[in-house]
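Everything below concerns the one structure shown next.
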Amino acid sequence: MIITPYLNPRLVKPLKWLAIIILLYFLYFSLFSINKKPGKPRKPPKAVENYTCPFEKADFSNFKDKKLEFHKNNGTDPKILVILDSLFSRHGKSIIQILNSQKFAFKAEAISKNLPVLTSAKRGKYSLIIVENYYKYLNMARWNRQLLDKYCKEYRVPLFSFIASKPNDQLKRIRIKGSSLWMWQNQRINRLTVSPSPIHKISKIGAYRNLTTQESDWILFEISENFESILTGTVKNGYERAVVLRDLGREDGVEKVIFGRNLTDFQIKITFLDALWWAMGDEKLFGLDRFVQVDIDDVFVGAQSTRIVEEDVRHLISAQNHFRNFIENFKFLLGFSGSYFRNGDDFEDRGDEILIENAEKFVWFPHMWRHNHAHEHNFTYLESIMVQNRLFAQNMHLPIDYPYAIAPQHDGVFPVHEQMYEAWKKIWNVTVTATEEYPHLKPATGRKGFIHSGIHVLPRQTCGLYTHTQFFDEYPEGFQKVIKSIQGGDLFFTILLNPISIFMTHQQNYAHDRLALYTFENLFRFLNCWTNIRLKWQSPVESAKMYFEKFPEERIPLWTNPCSDPRHQAILPPSMSCSKKSLPDLLIIGPQKTGSTALASFLALHPNVSQNMEIPGSFEEIQFFSGQNYLKGVEWYMSKFPNETTVIFEKSATYFDNPSAARQAAAMVPHAKLVIILQNPTQRAYSWFQSLFQHLIAHKDPIAMSSESLDVILNSTSSESAKFKIRQRCLSGGRYVHHLDKWLEHFSLQQIQFIDSDELRKEPAKVLSSLSKWLDLPEFPFETHIRFSPSKGFHCRLINGKTECLGESKGRKYSEMSQELRQKLDGIFALDNSALFKFLRKNRLKIPDWLEEAVRIRV
């Protein structure tokens, strides 16, 4: 190689590298340009005909503006008893899903020889009875049928039931057993019409549809003066018969609503919903307003050729204006990850620019800068990417009108990633978000809201559209699936069942065939056709305020075990692990002053058993399911069980009579076993008061100073006074069956072990051996590790030859209870003791001697 005199040989090699770099630079950008620009012109969206109401021109003005009517009963709790063919029946699950969606309290039981208890303390326990199978009701054992009918008549409780055709039965016209009502089975109907009835609220009276299917398994009822048609079927010869019937109760005193079809038909399902609100609602609880919010997530995120272009943006603006014909003040909410702005081809980049130019026409909310998954990052990193996204919004003049944000894939919202919540509040001042993951993705009817760390979390809904659904002809399983969802299916009922619906869509659903615009246009048309629902829009902040005013019981989150849900496990922050067991297998739930501390200390002697770490300020108890510690969350609770053994337990005696503990414990540890200690409630109340009294005296509490004895507390009658509240707390733990009912709503009886307090005090080793066997633990010689202490007057642990007894506050002796006070307390607990006796005997459980004696004396 000849080197010119003007070129230093030492520069040749660097210049070669520079030339290569420049070449690669231009090659890269030329290839990048080939991949990205210019974009291919889009085909026009496929034209699909919109839904047309079959009675669009019909005049139903005679039925409008009718005052909504509700059933009135006599002194019953707002709860529903559901008697199912089986707890696993498909139709039964559909009933329960609707009850869950409407937040109705209910008890579901499979039909059996025995009815559940219907009354409590001179009140009816249920405001509505639902029997899944009307044949089972008609053929119920005589005693049970009389008992159920008597309850319904006395408390004016309506009964709902469903009846199905028997396919192989040759009889067509059948008289209902014990009634003048006639029914026709295996029928085919040509038209189904909503009949005038006070039952209807959502259903539009007069609405009808002609049935094109050839199903011939309908049950129809003949209408007479004692029976009113709610939903009417017209058969081929023109006769009209009831498909859903209201029995006015003139013959047997029991008002009924009988369905001649299951909930698979959308008109039947709406009628069932109307009937539920007629039976359980009132003017304050029920409303026809439904608030709809449509979020467009990831407006800049997506692969090239899948994103929106200029024409899509123009159409989006036009559709937003058009949707206001259906929904007052409607606006789309657009979520952004700024890093992906102008990341498409030429046409898509122009679409992004047009969107920014029209930013003021929409409501905007932040995701993460690069669509980051929150659980993978700490506070510092989350803070930095949120700042980047905020700077993008400021530079592009995006109107962030509300403190609302959505985490990509709802990551970090639930299960809670505390550091994301903190970063949200610091950078965006977020007060409202939404997720589809609380408490679980499915069933959708079970989704709820909660408030955590000052952020209101609302339930979010899906609409059957995802990032890959862009063309009518390529929809998975065919687009008929979406049409079915719109026309009386899941999407239609999402709005009916939820006062506030926040829908998740993606920008891809507004490109190409614009499936989202078709979906919501036709959903609104169908709702307008068939229902009296009033669709409205409001800000996320207003929705959060309304939601938690309507459902205040949901403010406190219901923590679940994240390791039991694969979706939750996949988005756990690194600080939480499912690799080891970190939740208890056993809960000793009390009540207080029954020997629960002694039981826990003895059980912990077993080498295969471990207890929670001690918690400062609450003695040895975690008190997670019964106090402020619950707000600290799942991660805090799991951290209190560091030792992995065969059985992990915790003891918190405050759980037993806490109104929320059973529900919260069942959500977190549904398979845990429970131990309840049965102590004479008279003696327990006396010990509880003496312990509290001594504590209050030591702190010179004015209530204690003015209360010379438990007698004074028991005579307190003013429900607002501090003494009365102490009275209620004192007596509460002894009302065993009252509190057991709550625990048995969430745990089976097989999960509960009852221990006699007297037996525990006298023969602790025997009790512990029995408990260990129930827990499937290896045998352990408790008798050699527990010794009676004459000086203490109770049994203590024996560790390495030394006696270890409980502290001074445990096992203390109090002055003898007076006979007069004992009789007063015995009288107060008489009914509770009787109920406990019956409960134990009915379930063939051991009855303590003190209970046998208490019931014998009363008799």
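Cβ coordinates are placed from backbone N, Cα and C, and glycine is handled just like the others.
A coil conformation is recorded for TYR814 (3'-phosphoadenylyl sulfate binding site) in the three-state DSSP classification, outside any helix or strand. The 3'-phosphoadenylyl sulfate binding site annotation in Swiss-Prot covers LYS593, THR594, GLY595, SER596, THR597, SER687, LYS810, GLY811, ARG812, LYS813, TYR814, and the record cites similarity to another entry as its basis.
Just so you know, the Cβ of ASN50 (N-linked glycosylation site) picks up 8 other Cβ atoms within 10 Å once every protein chain is counted. According to Swiss-Prot, the N-linked glycosylation site annotation covers ASN50 (among others), on the basis of sequence analysis.
A simple way to gauge crowding: the CB of ASN74 (N-linked glycosylation site) has 12 other CB atoms within 10 angstroms, across all the protein chains here. According to Swiss-Prot, the feature N-linked glycosylation site maps to ASN74 (among others).
Positions annotated as N-linked glycosylation site by Swiss-Prot, on the basis of sequence analysis: ASN210 (among others). Residue density at ASN210 (N-linked glycosylation site): 10 other Cβ atoms are found within 10 A of its Cβ, drawing on all protein chains shown.
Here Swiss-Prot flags ASN262 (among others) as N-linked glycosylation site. If you draw a 10 Å sphere around the CB of ASN262 (N-linked glycosylation site), it holds 17 other CB atoms from the protein chains shown.
Sequence annotations record features per position, and here Swiss-Prot assigns N-linked glycosylation site to ASN378 (among others) based on sequence analysis. Annotation note: ASN378 (N-linked glycosylation site) sits in a coil segment as assigned by DSSP.
Annotation comment: Swiss-Prot describes ASN429 (among others) as N-linked glycosylation site, evidence class sequence analysis. Residue environment of ASN429 (N-linked glycosylation site) contains 10 other Cβ atoms, counted within 10 Å of its Cβ in all protein chains.
Annotated N-linked glycosylation site per Swiss-Prot: ASN608 (among others), in sequence order. A sphere of 10 angstroms centred on the C-beta of ASN608 (N-linked glycosylation site) encloses 13 other C-beta atoms.
Following the DSSP three-state reduction, the secondary structure of ASN643 (N-linked glycosylation site) is coil. The Cβ of ASN643 (N-linked glycosylation site) has 13 other Cβ atoms within 10 Å, all protein chains considered. Annotation comment: Swiss-Prot describes ASN643 (among others) as N-linked glycosylation site, evidence class sequence analysis.
A coil conformation is recorded for ASN715 (N-linked glycosylation site) in the three-state DSSP classification, outside any helix or strand. According to Swiss-Prot, the feature N-linked glycosylation site maps to ASN715 (among others).
Positions annotated as region 'Heparan sulfate N-sulfotransferase 1' by Swiss-Prot: 576-859.
Annotation comment: Swiss-Prot describes 35-859 as topological domain 'Lumenal', evidence class sequence analysis.
Taking each of the recorded positions ASN378, THR597, ASN715 in turn and counting other Cβ atoms within 10 Å of its Cβ gives the largest count for THR597. Recorded residues ASN608 (N-linked glycosylation site) and ASN643 (N-linked glycosylation site) have their alpha carbons 10 Å apart, per Cα-Cα distance. Long-range C-beta contacts of GLY595 (3'-phosphoadenylyl sulfate binding site), restricted to its own chain and to partners at least six residues apart, with a cutoff below 8 Å, comprise ILE677, GLN679, SER757, LEU760, ARG761.
Per-residue confidence over the region 'Heparan sulfate N-sulfotransferase 1' (576-859) averages 89 (mean pLDDT, predicted model). In this structure, the C-alpha atom of ASN378 (N-linked glycosylation site) lies 40 angstrom from that of THR597 (3'-phosphoadenylyl sulfate binding site). When the Cα atoms are compared, TYR814 (3'-phosphoadenylyl sulfate binding site) and ASN210 (N-linked glycosylation site) turn out to be 79 Å apart.
Classification of THR597 (3'-phosphoadenylyl sulfate binding site) by DSSP places it within a helix. When Cα-Cα distances from ASN715 (N-linked glycosylation site) are compared across the recorded positions ASN74, ASN210, ASN262, LYS593, THR597, the shortest belongs to LYS593. In sequence order, ALA653, GLN679, ARG684, SER687, TRP688, SER691, GLY733 constitute the residues six or more apart from LYS593 (3'-phosphoadenylyl sulfate binding site) in its chain with CB-CB distances below 8 Å. Cβ contacts within 10 Å of TYR814 (3'-phosphoadenylyl sulfate binding site), excluding its own Cβ and spanning all protein chains shown: 12.
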